[in-house]
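Here's what TrEMBL has on this protein:
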- A:12-37: transmembrane segment (TRANSMEM)
- A:49-78: transmembrane segment (TRANSMEM)
- A:90-109: transmembrane segment (TRANSMEM)
- A:129-155: transmembrane segment (TRANSMEM)
- A:188-210: transmembrane segment (TRANSMEM)
- A:216-235: transmembrane segment (TRANSMEM)
- A:242-259: transmembrane segment (TRANSMEM)
- A:271-292: transmembrane segment (TRANSMEM)
Amino acid sequence: MDLFLQQTVNAFALGGTYALLALGLAVVFSIMGLINFAHGELMTIAGYVLMYCGLAGLPFLLSVPLAISASMVAAVLMERIAFRPVRNSSGATMLVTSFAVAMILQVLFQNLISTRSQPVLLPQLLSDSVTIGGLVIGVNKIAAIVSTLVMLVVLDRFMKHQKTGIAMRAAAEDFGVARLMGIRANTVIAGAFALSGLLAGVAAVLWVSQRASVDPLMGFMPVLKAFIAAILGGLGSLRGAVAGGFLLGFIEIYLAAFLPHEFQEFREPIGLGIVVLVLLFRPNGLIPSAALKAIKV
Amino acid sequence: MKKFLLISTMLGAAAFSMPAAAETLRIGLATAQSGGLAGYDSPVVEGFHIAVDEINTAGGIGGNVMIELIEKDVRSDAAQTSIAAQELVDEGVSVLILPCDADPALAAIGIVSSAEIPAISTCASSPTLPMIGGEYMFANFPGDNVQATVSASWAYEQGHTSAYIVYSPDTQYTTMPLYFSEVFEKLGGTILGQDTHSIGQQDFSAIATRIAALSPQPDVIMTSSYEPDFPSMLKALRAAGVTSQVIGSDGIDSPTTFSLGDVGEGVVFTTAGHATEGSPLAAFNAKYEQITGNPSETVFNAVGYDLVKVLEAAVIAAGGSTDPKELRDAIANLENVQGATSLITYKGTDGMPVREVTLIRVKDGARELVGQPSPDASLIPAPRMQ
């Protein structure tokens, strides 16, 4: 039983990180219909800022906000430079643009920083663990769970009570009508990118605090997981993205924890098989986006 | 006249298709300068350049054979490796240098064996590479099975009797713990269990929790995972309260391992060398710092220097010839070539060189030499395909 609880804590921590990542993708997708595959590179940028701050001797508590702001600024710039010119193009054009942005950034990291992975100095505290009720929980796990919860609450309040947040929800439901009501498209879209940058930044701090290094291709794996989580939850739906993230985290951890040893090698295909199975029964995801209405796509 | 033209054209074509003029050794480098393997190949190629510049400044190998490099980036991709290898063969190189990992290097096998040009992987350590690659394929690193024998013997000598292994079936290299468990059991130790992970897996908490729940705890945990997996795994283990001795391999010979703080302390791993005072490696590191302005952060720089020393010795042994076939035979018969990290012998092997294995411990965020033991030959497991 203890083991089960312990693994559940692990699943919450991993699922929370996935939820933040998926939410970052979903915020932009719900408004623009763009799956931003350069989202992972925002994480890499935040990771490099953490690394340089560590080298410069800044305290970690100061590096974290700097890294998150850098990722937000990068997200807004990304929108202004790469995505605004193709805003009204087809989904395929925007998708290819996001791949191009991701590749260009990766090559820039490789050429301007290093092809090798760079160590990130982390405070010892993040590697420690505490014992709560017989469960040994790593501080970075607690940090992951707490920051996920804080982000979700803040985001929820922002979307419900702030003018920009409400405008973003309106735009997600019907961008055309929202604009007719006087909502500025540029503000809403820039806001969505800033928000996705914020989420990427927080996720990057959690991600990097586990691996202790940053490399040019670091962003690929998280964005892939986020994509799976977002599809699982229902593409375009923010609540769905959170649900998808947590479900993916639970699937991965429970399989790694309780699958018999002979099957461990096939853990990933089995995990993806479960995702496919869920989608067979709920083709629009766990919590489908309202914008889809009842149409099956 | 027509006949003369025909003959002269044929002669010209024949001369042109000869691999290289006698005074130049053309080396084709198809290595990963970007992507997942760049962290290994780029330092190797740095060391490679230092050795080549040194030789060329001194007038070439043996004073008359200059080295010419043709370099291509294979982006850590197997398909790109075989394309680059073909292009280099078409450009008439005498020797091919292939990427660090056995899997992309194996992608070039067909080209290497049909062109009959010797190929050396920069730092692949899987003993299956020359086994599958045939007589033209060579490695440039202590084999996985030899490294595992050294670390398992060390662990057993330290009084550790139980072990747990974590490996990834994704590549040949990351299955080194299977060799470890074979040797460890042969010595009399017990393997308490094993786990697999995939390369690039971010989260090791499930595995760490399972190991933490074992009673009794394993004395040793062995893995050959490398960045970014290794730091994540180690942090997860320590956070779950596992205090067992962790043993790794050459893939973690990187700055990250030494900057993990308390978590990294005490980790022991096998690698290709250690710069003791007055050693060739110390001399190389000094040279490296003088040329690049930065201290060498990994032994892979010196491994690249070794590679050129092997080629230099082969050209000299072949009497200054740059003919690929003669070079292959010369490499296969090299004995005790002094590299920057160790003496290197190919004679009597199938292409997996006999080189020194060094055990390093992370202490106070720096390297501490544990030993450079010669493994007991009867313990070394046979190469196996995973």
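Note: Cβ is positioned from N, Cα and C throughout, glycine not excepted.
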Cβ pairs under 8 Å between the transmembrane segment (A:49-78) and the transmembrane segment (A:188-210), at least three: yes
Contact call for the transmembrane segment (A:129-155) and the transmembrane segment (A:90-109): at least 3 Cβ pairs under 8 Å, seq gap 6+: no
Same-chain residues at least 6 beyond the ends of the transmembrane segment (A:188-210) whose Cβ lies under 8 Å from its Cβ atoms: 17, 20-21, 23-25, 27-28, 30-32, 36, 39-40, 42-47, 50, 64, 67-76, 78-80, 83-84, 87, 120, 122, 126, 140, 143-144, 147, 151, 155, 164, 167-168, 171, 178, 218, 222
